[in-house]
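Peer 1: There's a structure below that I have some questions on.
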């Protein structure tokens, strides 16, 4: 019983993942945008007196 | 007779109150927008205000109308309708309280506006003690806040009634979100109410001679940051719970949506010091602590970004889209109810990135009080939030007035959204860059004695005037659409879209509705972040400040 | 409550980035001395002109301190005193300022010198003027009709 459950869980995980790869790519694009802008302004801060 | 399955249509009696809010909101938009246009024209250096009107007077009008009137009235009207739609028609008692709230807010707005027009209150909507406005201005603002509490009470009453009639069940998502935002608002406005009632009103009435400036500012900013989340959460309500239905998809996760709203309640309040990072009299350790708490409030937005993309991707794939981004193309781009809020969502990416920079402790020195900040909140409030409000109006106004969004108005709505976007790219973009060069915000045109640095700013100011003019065109379009939907569109039925969760078996945990718990944690976090700095401010207070009136009267 | 694997990955990345940001600014502030201006000294705003160091606005050489000069400003609607100063290139300077009336925002455009001046409080920042040039000092907090006319000038010279 427990084994069967485990199996079905695993299966949905794989389907889930494959269908949200665009989402993962999109949020990572967003994340990288945030990091790049933050780092740019941080360097501006370091450069100025 | 609020049944278990809420009605599909907002009761006309509730609709009337919601519409009353929208009339005031859109009048504020029209007048506030005109003021905004004038400001950008003045700052271009090519235009001067006629008839002795002062730049800072119109700046005050713009801030009060857009930041307080448009937002508060629209939000209360929208949430009142959303609760009626999802938790059932408001009781006569709740509706009466809602109407009283509406009128108290409206009277307060008229009082404050009159004083600003008489040049008795050119203090901007952020008050800036020891600048001293006429007491009627402060009293008017108090009325706006108290009125909004009554409006909120109506929503809470109807939510409580639903909970009582449906024991053990999670409340409808939109009602839950509306109540979270109302509670957030009530807790936040305690700060501004305190400074107005206990400091500014007695002082402007001449009952006391001086005011403690730092305490007044701290109380204001205790309110000032949750204020922006009070604007944002209704947009999130639309993105999480309404847009999925509009596109024909599902809410990615009901529970995670609720969790993110709870995180907003907990973490958007004890963070006001990140508006005061450059101020004397506050220990840097306490500032940093609130910076850390500010960063906590970014997490629910990260969750929101994922949920929204996931909703879109799931929908696209259900329509047979393939590849990494194929789902993006099949979204209903010709539907204003989707496209306009979507432009708002996309704008939140640079808006959020800028916000993280603002909150980054000493990095704030680069941008504090420069026009970068103005550029920032014209992306957050004036694009993400406002475009979503416009997108909501496109179906909510006809829904409430028994009319239809016609094809022509839908098309005009999409054009409006893109006009806004283009205008904002010019205006907000130029503001961001000018700010990085050091150009100050809240300032009329000035060459600063022909300083070389100030000369570099002027091209950006001209770009802002171009953007401001395009945005004003956007406001005209929006007013045309609103008037059409409210009075002239053909009679018919327009849907109030309410999304369904993808996984209906996964019920939201009941702990989310445990208000004692969440209010308890909210209070604990506020006390933790503010108690000791506040005691320090009182114990080490300098002599109080008398009032100043450093602006010209008529 | 179920959370998708990708969402977990995203949140770990996102929260990780936030932790890195906080660590960078935290270490810079508390170990390298780059705290934002947060002076705790108070002053009677009516007595600014007679109290040290505000009785001598301008650039003053100091001895035996971590910095070489003190650059003292008194702000009032709508003036900075001094209106113009010269600072030697490379000088380590403590900028000290206060206001006699309303709130002002002291900002040297194009630098990190940006601090609020509030009646009753002194504010200060220590920095090394390591780039030559003429810098405009503006008021960046609304203070009244003449707010946009309030300015001063710093010349950093060899």
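Cβ coordinates come from backbone N, Cα and C, glycine included.
Annotations in TrEMBL come from automatic prediction, not curation.
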Peer 1: According to TrEMBL, which listed range is transmembrane segment: B:20-38, B:39-57?
Peer 2: B:20-38
Peer 1: Cβ under 8 Å, sequence separation of at least 6 from the ends of the transmembrane segment (B:20-38): give me the contacting residues as numbers and ranges.
Peer 2: 47, 49, 58-59, 61-62, 65-66, 69-70, 73-74, 76-78, 80, 99, 102, 105-106, 109, 393, 397, 468-469, 471-472, 475, 478-479, 482, 486
Peer 1: Mind checking which residues reach the transmembrane segment (B:517-535)? Cβ under 8 Å, same chain, six or more beyond either end.
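Peer 2: Result: 183, 187, 215, 218, 222, 262, 265-267, 269-271, 273, 282-283, 286, 289-290, 293, 511.
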Peer 1: If you average per-residue pLDDT over the domain 'Cytochrome oxidase subunit I profile' (B:16-487), what number do you get?
Peer 2: 94
